Amino acid sequence: MAWIQLKIDTDNQHAEQLSDMLMELGSLSITYEDGKDTPIYEPNLGETPLWSHTVITALFEADYDLAPVVEMLKLQPYLGADFSHKIEQVEDKDWEREWMDNFHPIQFGRRLWICPSWREVPDPEAVNVMLDPGLAFGTGTHPTTALCLEWLDGLDLQGKEAIDFGCGSGILAVAALKLGAAKVTGIDIDYQAIDASKANAERNQVADKLDLYLPEDQPADLKAEVLVANILAGPLRELAPLIAEKVQPGGLLALSGLLKEQADEISQHYAQWFDMDAPVHKEDWSRLTGRRK
């Protein structure tokens, strides 16, 4: 089955109003795109921010008459009679197959591979983490996740205990266990992340070595030799004392989820507890590492 889509240029002040109107006029779905490559990094809790220049795509059935829709939109004062829009035919595809074809095994560091379950493992002798993309959690493709995986690959984790602070999909926790850690504790504020981490640990046969907690349930005396936190700069700053007290003296720390321009400030903040290393960058993102004093 083919489809037809209507693309409209608008701004963030009118995007939701326009979306509601398009749905009332028969659209089957609405998507938002950034019209000018303007990044949004850290929205406030409960906010769904949109770009100042937003492109709305409304999908309709192929035989739907869009002429009345366009005429109705021309009457809206925030668009005007000459509003920017485009109508395109969209061929139906096996979207699931196309989505799966876009994911390939990825190597991080020297030993570690992240592999989708439907792909053949490139190196059976390597440390292979089987992880399928799903939900809004890390799969290794984001620079911050990659930075943390590369750091873990470079450590001697044999027999050590680690903490994955903000575990998300559990990718870092599972990788640490596959790299030799004796035990990992994963902490996250989202119960969906706890479920995702558990499922991924089971898929990789390491669930018996992974303890998972919501913050309010974690042991009061929790400490480890290694802690990795791939969250955002704001929480990293606010939770610094809590994170620091979870790392044993001489233990190792890795922080990511922060932008290049945020790295120096966060590093200085943690320097009261850790001997901090120089930041490592990948694209616009940074990783900070240090050793507990």
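Glycine is no exception: its Cβ is also placed from the backbone N, Cα and C atoms.
Among ASP188, ASP190, ASP208, only ASP188 appears in Swiss-Prot as part of the S-adenosyl-L-methionine site alongside THR145, GLY166, ASN230.
Taken residue by residue with DSSP, ASN230 (S-adenosyl-L-methionine binding site) is part of a strand. In three-state terms derived from DSSP, GLY166 (S-adenosyl-L-methionine binding site) belongs to neither a helical nor a strand segment and is classed as coil. For the recorded site, THR145 (S-adenosyl-L-methionine binding site), the DSSP three-state label reads helix.
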